[in-house]
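Engineer: Below is a structure I'd like to ask you about.
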């Protein structure tokens, strides 16, 4: 296979990996956790994965503690947990 063909194949595989939704089997278990604001009193806008709606929603994080279902962006949440 030529180098151009290999490059095309690599590009297609990368695109497929980005567009393939994450199944429940592949989703990290922390995506199933309810959002936790933590024990501090900050008011940071964060995103969590909502298992029931399969969406990445906003919550407010206190700044410390909490759990791993806590993302800075919706894109990060979607890439990790597969939400909409």
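In case you wondered, yes, glycine gets a Cβ from its N, Cα and C as well.
As listed in Swiss-Prot for this protein:
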SIGNAL    1-24  signal peptide
DISULFID  31-81  disulfide bond
DOMAIN    31-81  domain 'BPTI/Kunitz inhibitor'
DISULFID  40-64  disulfide bond
DISULFID  56-77  disulfide bond
Engineer: Tell me, what is the mean pLDDT of the domain 'BPTI/Kunitz inhibitor' (31-81)?
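Structural biologist: PLDDT averaged over the stretch: 97.
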Engineer: Report the same-chain neighbours of residue 64 (disulfide bond): residues 6+ apart in sequence with Cβ closer than 8 Å to its Cβ, ordered by sequence.
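Structural biologist: Those within reach of residue 64 (disulfide bond), by Cβ under 8 Å and sequence separation of 6 or more, are 38, 39, 40, 42.
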Engineer: Write down the Cα-Cα distance for residue 77 (disulfide bond) and residue 31 (disulfide bond), rounded and given in Å.
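Structural biologist: Here the two Cα atoms are 9 Å apart.
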Engineer: Using a 10 angstroms cut-off on Cβ to Cβ distances, just flag whichever of 31, 40, 56, 77, 81 is the loneliest among these disulfide-bonded residues.
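Structural biologist: Minimum Cβ neighbour count within 10 Å, taken over the disulfide-bonded residues 31, 40, 56, 77, 81, occurs at 40.
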Engineer: Taking the Cα atoms as reference points, how far is residue 56 (disulfide bond) from residue 81 (disulfide bond) in Å?
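Structural biologist: Here the two Cα atoms are 9 Å apart.
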